[in-house]
Amino acid sequence: MLHRIELPQKIVVGSGAIDALREVLEEFAGRNSSIAVISGPNVWRLYGERFRSIVEGFVEYSFFEARNASVEYAEKLLEDVKAYSPSLVVGFGGGKSIDLAKYVAYRLGVRMISVPTSPSHDGIASPFTSLKGLDKPHSVRTVTPAAIIADIDIIASAPIRLIRAGAGDLIAKLTAIRDWRLAHKLKGEYYGEYAAKLALLSAKHVIEYASQIGRGVKEAVRVLVEGLVSSGVAMCIAGSTRPASGSEHLFAHALDLIAPGKALHGEEVALGTIMMMYLHGGDWRHVRRTIRRLGLPVTAKELGLSDEVIVKALTMAHRIRPERYTILGESGLTWEAAERLARVTGVIG
């Protein structure tokens, strides 16, 4: 099996890392080049002036607003950016801005630089993009960021809920890897030990620093960011989202279909990890305690969802991506089995 691995070429992490932007742009775009900056209005209001002060007089740039992560908007944005003819695209903001930037860069065939301002999920370093309205409710392959600039001062000042959600996305690797191994054993699917161990290492660091991450301690946020980058790199190495996404993500995607916008991605997959760990016969209670220490919801009620929504999502999850084998099997869970699972793990009352 021929396996091509595309990795980020430069990663800058630390306090004041944003100041490395000019150096990174010189390396990947060149002086006096034209770049497109895709960012949300709030991020641009907070950090746009700083961005300008770093790049002004060095490169030409145009700002494009990341309004929503829908396919329809991504296509409109693509046409707007295409008219500007940039040599490089910068995603500056949260997951939405970075996903849109990866999609636009991929369609234009240019490089992309990821500059995250919040750590809500592991898309900051991965070659996969999640857009609403795709025929499949999961990530699709686009482009690997050529460089990642993660300023811990900026990221640690993000809302605590986003920080906790990022940790939830890493906790999910505990069941994602078990699902991947299962698919390898039962279906003969390719399994990459190195990518799997790299993703698991990210989860283990979150467990170790759970209390500090849950409080938003800057040093722990750095550990979280490095874990998110490592998870993205694991996906690059594997050539798929397998090291990062299993049955817990299928559950989260099902939730998004039933109750869109009710919870953050990391919150959903963390809740799913508790239940999927139970199905795997693992220490789900330890997972639940860790998620609680992170300050993440561990019940449907805390997530603002009804018991029925949780059970329905569990029964739907195996159909979200039928080609991806997980602990849910090919037939999935009956309503009774799903309800029992959610009750035993304390997700529903």
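Cβ atoms are placed via backbone N, Cα and C, with glycine included.
Of the residues His265, His280, Swiss-Prot places His265 in the same Zn(2+) site as Asp169, His249.
One way to see the shell of the substrate site is to take the Cβ centroid of Asp122, Asp169, His253; the remaining same-chain residues with a Cβ within 8 Å of it are His121, Gly123, Ser130, Ala172, Ala244, Ser245, His249, Ala252, His265, Gly266, Val269. Proximity to Asp122 (substrate binding site), defined by a C-alpha to C-alpha distance within 10 angstroms, is shown by the following binding-site residues from Gly95, Ser97, Asp99: Gly95.
The candidate set comprises the binding-site residues His249, His253, His265. Of these, His249 has the most other Cβ atoms within 10 Å. When the binding-site residues His249, His253, His265 are screened for a Cα within 10 A of the Cα of Ser120 (NAD(+) binding site), the ones that qualify are His265. Across the structure, His249 (Zn(2+) binding site) and Asp169 (substrate binding site) place their CA atoms 9 angstrom apart. Taking the binding-site residues Asp99, Asp122, Asp169 in turn and counting surrounding C-beta atoms within 10 angstroms, the largest count is reached at Asp169.
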